[in-house]
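Student: I have a structure here, written as structure tokens, and I will follow up with some questions on it.
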Amino acid sequence: MNKLVLDQLLRQALIEDIGQGDITSEAIFSGNHESKGYLIAKRDMVLAGLEVFTRVFSLLDENVKVTLYYVDGDRVQSGQKFAHIQGPTRSLLAGERVALNFLQRLTGIANETNRYVEACGGSGTIIVDTRKTTPGLRMLEKYAVTVGGGKNHRYGLDSMVLIKDNHIKAAGGILTAVQKVRDHISPFIKIEVEVEEMQQVHDALTAGVDVIMLDNMSLPMIEEAVRVINHQALVEVSGNITGEKIAGLASRGVNIISSGALTHSAKAADISMRLE
């Protein structure tokens, strides 16, 4: 994780929330008033974003001390305290919401990803994310996916070639699109093609691509596509993927399952910061 980028992001979040100052806390507490508290899980969860939580307070006030009893990827149970915090009361309250927003968001993504990963069982199928991330938070959200046991798909448009439906339509077909890509890029860059029907599967195989993404296909079509591809390329399944569908897809011999829901629909984890 790029710490310079992280600090810039966290500073902007603090500026957005604090504005000209926390007028409530500044009215109630003097500058030297101190408090201590703890973080508690309200549900069973896989933690992610603990260091981000700590960094928020480090940037806000070096006198705030956060003591972590777990690391990202650890599981905690409902009702379990997993960190303590102490320092100037004004600073604790000024940073609380921003720090919790990041921690709850990232833990929520890690939890959802872990649910998908566990549903794969021992199939060997890999769960990956997409670019359907919150603008500005991609680095953190993709990190949370890895904490939950998933893998990252391309980080951005410059990470790999992915020829999608609109590329295919505008180019006039898969074979044309793939050839144009090969004429333009290094041979060391992998090429993936998104397909929606069986003829496109055959075209992708003819083009010799590295990964074939089966987009929004029915289970019978997926089974047929896996049989036709027959290990000539990696098979990725995508489109309207939910946790309930994972086991059925993983058992059909697909290599990769990608889901935007890991990041765009993950529910924030129920975590509280309580002062004592």
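Keep in mind that glycine also has a Cβ here, set from the backbone N, Cα and C atoms.
No curator has checked TrEMBL annotations; they are predicted automatically.
Predicted, not measured: the structure shown is a model, and the values here were computed from it.
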Student: Let me know which member of Asp72, Asp74, Asp215 TrEMBL also records as binding substrate at the site of Arg97, Thr130, Arg131, Lys132, Arg154, Lys164, Glu194, Ser238, Gly239, Asn240, Ser259, Gly260, Ala261.
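Tutor: According to TrEMBL, the candidate sharing the substrate site with Arg97, Thr130, Arg131, Lys132, Arg154, Lys164, Glu194, Ser238, Gly239, Asn240, Ser259, Gly260, Ala261 is Asp215.
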Student: Neighbour count, 10 Å Cβ-Cβ cut-off, for Arg131 (substrate binding site): what number do you get?
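Tutor: Counting Cβ neighbours of Arg131 (substrate binding site) within 10 Å gives 15.
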Student: Kindly assign Asn240 (substrate binding site) to one of the three DSSP-derived states: helix, strand or coil.
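Tutor: SS state of Asn240 (substrate binding site) = coil.
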Student: Over the residue list Arg97, Thr130, Arg131, Lys132, Arg154, Lys164, Glu194, Asp215, Ser238, Gly239, Asn240, Ser259, Gly260, Ala261, recorded for substrate, what is the maximum interresidue Cα distance in Å?
Tutor: 40
Student: List every residue in the same chain as Gly260 (substrate binding site), at least 6 positions away in sequence, whose Cβ is under 8 Å from its Cβ.
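Tutor: Counting only residues 6 or more apart in sequence, the Cβ neighbours of Gly260 (substrate binding site) under 8 Å are Asp129, Thr130, Lys132, Ile241.
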